[in-house]
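Straight from TrEMBL, the features:
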TRANSMEM  28-49  transmembrane segment
TRANSMEM  69-88  transmembrane segment
TRANSMEM  131-148  transmembrane segment
TRANSMEM  155-174  transmembrane segment
TRANSMEM  186-206  transmembrane segment
Amino acid sequence: MAEGKTESPGPKRRGPYISSVTSQSVNVVIRGVVLFFIGVFLALVLNLLQIQRNVTLFPPDVVTSIFSSAWWVPPCCGTASAVIGLLYPCIDRHLGEPHKFKREWSSVMRCVAVFVGINHASAKVDFDNNFQFSLTLAALSVGLWWTFDRSRSGFGLGVGIAFLATVVTQLLVYNGVYQYTSPDFLYVRSWLPCIFFAGGITMGNIGRQLAMYECKVIPEKSHQE
């Protein structure tokens, strides 16, 4: 009678499903961290520009520098950037319409440059008519979407982000956290939704580009007898 073969115990191998879930989770975390720090950096640069041009004013007893006065702004913007950057490719997959328009880093960098330029214009350019200025920034923001996105999901998310961010900003200003000089749209400036829209499109493009580097797990082959 032949003796039964005993297999030596070894490390358990993870199935392809578990490996895929783990790799995707790690990838999402890495992309979220990268997006968070990009958002923090842009917030510091753009907030400094707004304060220097006296567009936003913080209470003098709290404000001593860009880092101490608005310490909560960069983390909030970083968190929002991570959420937006992860949401865009997720919506693309959910709708089954992968975004393929201008998928290269050079296009993403140009999009960031245009967004910074729009923000810079909002702080530096002076218009006699605020309504005309708001229409100009709205046209520039839509032009940014048309040049670097052109997706219906991107436009819809951009509008939703602009609306939600404007409501949150109105509440912050209403509660005296900070204020805008010469507000003409309730407590804020009328061009602010345009900035939020352009920012949403920009972070969405960065998030989509980072999503191209998702880990691809090769399914484990079954043992041949």
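Glycine is treated like the rest: Cβ placed from N, Cα and C.
Bear in mind that TrEMBL entries carry predicted annotations, made automatically and left uncurated.
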Apart from its near flanks, which chain residues at least 6 from the ends of the transmembrane segment (131-148) lie with a Cβ under 8 angstroms of it? 101-102, 107-108, 110-111, 114-115, 118, 121-122, 125, 154-155, 158, 190-191, 194-195, 197-198, 201-202, 205
In the same chain, residues at least 6 away from the ends of the transmembrane segment (28-49) whose Cβ sits under 8 Å of its Cβ atoms read 56, 66-67, 70, 73-82, 84-86, 112, 116, 119-120, 123, 203, 206-207, 210-211
